[in-house]
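*Asks:* Can you read through this structure? Questions will come right after.
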Amino acid sequence: MSSPERKRKKRSLEPSPESTPNPSLPDDLIVSILARVSRLYYPILSLVSKSSRTLVTSPELYKTRSFFNRTESCLYVCLDFPPDPNPRWFTLYRKPNQNITEKTKNSSGFVLAPIPNHHSHSSSIVAIGSNIYAIGGSIENAPSSKVSILDCRSHTWHEAPSMRMKRNYPAANVVDGKIYVAGGLEEFDSSKWMEVFDIKTQTWEFVLSPLAERFIYRSLVIEGEIYIFGDKVVTYKPKEDRWGGVGEHQSMDLGLFFHSYCVIDNVLYCYRPGGIKWYESEKRSWRKLRGLKGLSKLASSCVKLADYGGKMALLWDKYIPCSGNKSHSISCAVVSLERCKNQGIRGKVEWFDDMLTVPSSYNFVGALAATL
């Protein structure tokens, strides 16, 4: 039988877990592993260490994600909080410390988290790849030609070449990787009413147009054709450089009555009190989107729809009674869409949850998805 002194001596020779060598994995292997993880978890991973924060924003990681075909849509939301002139951006993340117990309480496990860098003014927004473009708008109550880019990989802003004309909240749409901007001018000049930004050459060029509407209520793109809804409704096909009217699809006019709309897989969806509808081109009529259990009683003065990687992101607000109606709660739902045998479209609510509490004075600027 060994003595206690001998036991202590023997134990002291055994290496402790803290002193055991743990060589770091090569960066390229770590990048390969992280590239296979959903980006929804990157904010949690960035809390691990300084090196992990660097890795989750590195260009190499996103190149690897693309190589492995692991790119995904990431939802971004822009809000105004008067009197602060600077809009604030939020993005959909997985909640940190989400556990099994919480999931059993009907929690989605998602949260709208603020990104640290703010954009300097409100503007029209579009997304191309991993970048969100903020175009024109108003700076100190004057139209602006400024174009800023939010790099969604690193959540940093940088400037792009300015437009040729100053525009106050123009219509902005993306066709074949180019940004077409129309309206928002103080002068009625059809030769300058629309211009296009080529991302590859980083240049702006005017697009000759037959009209010069100051106010544009809505604009969208279906099958490569831009639809512009103002006092007049016109269409433009960039590939053919051809202008036209809505014609047989006059019933598609969104006018002023639709609170929100989006195009998903070349199908137009819109919301107005009573529910969400989609436009059936063949019959030239609106049809109700079925299958939205739990959202049928949705009634809000502020509803936003967005294409979320082929699914629909639906955001709305509601008063918080205990706040004396001084605060709103912003909720989010993700809806998958499926074509039915009868040529209809049916939605399925994958999840919905309260995301964010905001003051009642806020303004909902927009929601869109970047690809990362």
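Cβ coordinates are placed from backbone N, Cα and C, and glycine is handled just like the others.
So Swiss-Prot says this about it:
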- 1-24: region 'Disordered' (REGION)
- 1-11: compositional bias 'Basic residues' (COMPBIAS)
- 19-65: domain 'F-box' (DOMAIN)
- 131-177: repeat 'Kelch 1' (REPEAT)
- 179-224: repeat 'Kelch 2' (REPEAT)
- 226-271: repeat 'Kelch 3' (REPEAT)
- 273-312: repeat 'Kelch 4' (REPEAT)
*Asks:* Kindly state the mean pLDDT of the repeat 'Kelch 3' (226-271) in the predicted structure.
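*Replies:* Taking every residue of the repeat 'Kelch 3' (226-271) together, the mean pLDDT is 83.
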*Asks:* Where DSSP helix means H, G or I and strand means E or B, what are the helix, strand and coil counts for the repeat 'Kelch 2' (179-224)?
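*Replies:* Split by secondary structure, the repeat 'Kelch 2' (179-224) comes out as 3 helix, 21 strand, 22 coil.
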*Asks:* Could you break down the residues of the domain 'F-box' (19-65) into DSSP helix, strand and coil, giving a count for each?
*Replies:* 29 helix, 0 strand, 18 coil
